[in-house]
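TrEMBL annotations:
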type: BINDING; residues: Thr58, Asp60, Glu73, Gln91; note: Mg(2+) binding site
type: SITE; residues: Lys75; note: site 'Transition state stabilizer'
Amino acid sequence: MKVNYGNRGMAFEQLINIVNEQYLVQDIALINKRPTPVKVLKSRGTRVLKGYYEDRSTVDYDGTYTARSVAFEAKTVGEKRFDLKNLKTHQMQSLFNTNMHGGISFLLIEIRPVYKVFYVPFDLIRRYWKDAALGGRKSIPLEDLERYAYEVKQGRGVLLDYLAVLDRIEHEKVMSG
């Protein structure tokens, strides 16, 4: 029997959507969920009855925070690791492009078995992606996420204050440079 994993992250994305609404209401940031382009073949009112994905979407979310472009992908996993195969090449390319043009790109990874969410900066993703392409490990273990990524917590009246992590990273850069 084939298992469909397509909607396993819907609750996580709904949480991020609520967080992004909180950011907007508090005038902290403007972050939008990017829709996947769908070609509608048959509809009834506002309901799509038949259609197909026209093109691959870039990333799940993009927007602006502190006058900078932000782009990120949200992923949920049921194991104590993040398999790199869960990040598609076109998503990686979009994160890379944002990063190369001065924007901020990252992953938010929900690790269900331990009820934790991690902010994974693009540089860390890129390092693992390159290592995997050279025959190295094809996943990021929980231990590495706990050591090199940033756990996201509640703060500023926001359920999952991932932008506080971004602030922390920027502050660390200023203090070390």
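Here, residue 1 is simply the first one shown, and the rest follow in order.
Including glycine, each Cβ sits where the backbone N, Cα and C put it.
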Cβ neighbour count (within 10 Å, all chains shown) around Lys75 (site 'Transition state stabilizer'): 22
Rounded inter-Cα distance in Å - Lys75 (site 'Transition state stabilizer'), Thr58 (Mg(2+) binding site): 14
